[in-house]
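Here's the structure, in structure tokens; my notes come after.
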């Protein structure tokens, strides 16, 4: 009897210890996750805010300029942003695993290789901006808007070159959990952008040129700060100086960058596709306005999702670099559950209050009603957005299924839009694309 009692006490003590260890494990993992996810979200909010502020100032210049800026930002810049950020995600994998394996010297080499690869690909994108006017006209956009968009496209060339430096430095610093410097610089840049935009656009009446000068400055200031931080001793273990090794073995980096970036490109591009297709729908003015409100709300939500994506990528890469697959699986489960829980709260919020939220952005009752009509599909994409970027963050490699889905799904949905004139067809397209991305990640 005494033996049985002692055995029960021993088991109870062991269970209590295991429970405490599990709670401690969750606490430690969440600290590591939020160390990456928190600053990543805040940085993306700040970067997203730069575009919102620019759009607000340009909106006071004229409706044509506003439409042209929105067109360049949604179609051309999103195209470049998706491609370059997707390619830079390959660097995040390399740096994360090298840091986990304590091969610190390789991080600086990977960073320099990424600068080279992304700069070359950015240069290849220049014709899209140089010939923006004829491209947009060929896509059926208004001629007056396309002409102004061509001028704005030239102003965006320094911005897309800033992506090559910015994305590489961010992935390099995130792999070492040194991304607080990214957040500080992003907030500083956003503050400067507000002041300079007001100074050049409102006070000195430089118009579109003033806003774009401020935008370029806002994108390059964080880059200069990150470079100074890296080369001046902020990353002593991983930065050993410039080296010619950066020019060797570039092809494997290119292949990894392209494969890692394919899915993220689709995540960025499907909104641009929606904007193009919506212009061909019946009652396009109301549909486009409703879509822009939904995409605006969705854009802010995606900043949270991409923060979790960064955390997933860094945590998994670090643990795999250490050779600890169990810890990597635990990190994945932890991030997915937290992201899904937050996504479910937003899902319920947008499902029942979409029409009320729409009145924040518009006084047009028809537009607000259309947003409410789209709310079930819109809310469901919000829920999918809470999971899919996390899966992209942990995915290693990608086969060709996503491109196959894009090549078959888009023509089918295009026919649905033209032949059946579905008023909610545009959001059904987005839902189809989200499901496509989910299946591709699995």
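Using N, Cα and C of the backbone, Cβ positions are placed for all residues, glycine too.
Range with TrEMBL annotation transmembrane segment, chosen from 10-32, 332-354, is 332-354. When TrEMBL is compared with the stretches 33-54, 407-428, the one noted as transmembrane segment is 33-54. Taking residue pairs at least 6 apart in sequence, the transmembrane segment (206-229) and the transmembrane segment (290-311) share fewer than three C-beta contacts under 8 angstroms. Counted over residue pairs separated by six or more positions, the transmembrane segment (206-229) shares fewer than 3 Cβ pairs under 8 angstroms with the transmembrane segment (66-94), which leaves the two as not touching. Taking every listed stretch (115-132, 152-173, 332-354) in turn, the largest tally of C-beta pairs under 8 A with the transmembrane segment (33-54) is reached by 332-354.
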